[in-house]
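Data first, discussion second: the structure below is written as structure tokens.
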Amino acid sequence: MLTPYGRSTILKTTIFASAIAVTGLFFPPVSRAVLILSAAAILGFAFWFFRDPERTPAETGRVILAPADGRVILVEERDHPFTGSRSTLISIFMSPLNVHVNRIPQSGRIRHLQYHPGSFKMAFDHKSMEENERMDIGIESDSLKIFFSQVSGFIARRIVCPLRMDEAVEAGKRFGMIKFGSRVDIIIPQGSTPAVTIGGKTRAGETVIARW
């Protein structure tokens, strides 16, 4: 399954790859083969990158799900104006090889939504949390508040987030993506217990990253 968030990119890539392949028809056999294979590789990568596999949460109930595929690179306590004091930050680094569709970590309503322009530092640099382009999202339910950010990286310079203020959202559902490598930082409130450690792998909408 392909994500609809990648349709325009796939269309442009298809046109570009087709042009390369057609051009190759006018070259000698060896060059022709190289160009056609290159076109196929480019198109194949585009389809593979924008894959969007179905996901089923590993647990339901009082859990917070991973908003992104990737690797946990930071778990630390910090205060935050949306989630309160002694909250916990969990940062997930998404490499270009990961599925890049993001999913809602907790059911509730969107109570905070703000886009921040910024730089494009490497996503594994923790300064990128505050200095890079990002979309901040806050969800509130009857039981808790969580806050998370889609952060652009050095390669990823396109955040997709169609969410709206006060929109009701459901845990595990798709809500956007970050194209070509990035990170997602999620802040969970005091009283929630992290279920992941640094170095652990996550799958969006499936891996439980915290319990409350």
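Cβ coordinates are placed from backbone N, Cα and C, and glycine is handled just like the others.
Mapped onto three states, the DSSP output places SER182 (active site, schiff-base intermediate with substrate) in strand. All protein chains shown were included, and the count of other CB atoms within 10 Å of the CB of SER182 (active site, schiff-base intermediate with substrate) stands at 33. The active site, schiff-base intermediate with substrate feature in Swiss-Prot is assigned to SER182; the stated evidence is sequence analysis.
Annotation source Swiss-Prot lists pyruvic acid (Ser) at SER182, citing sequence analysis.
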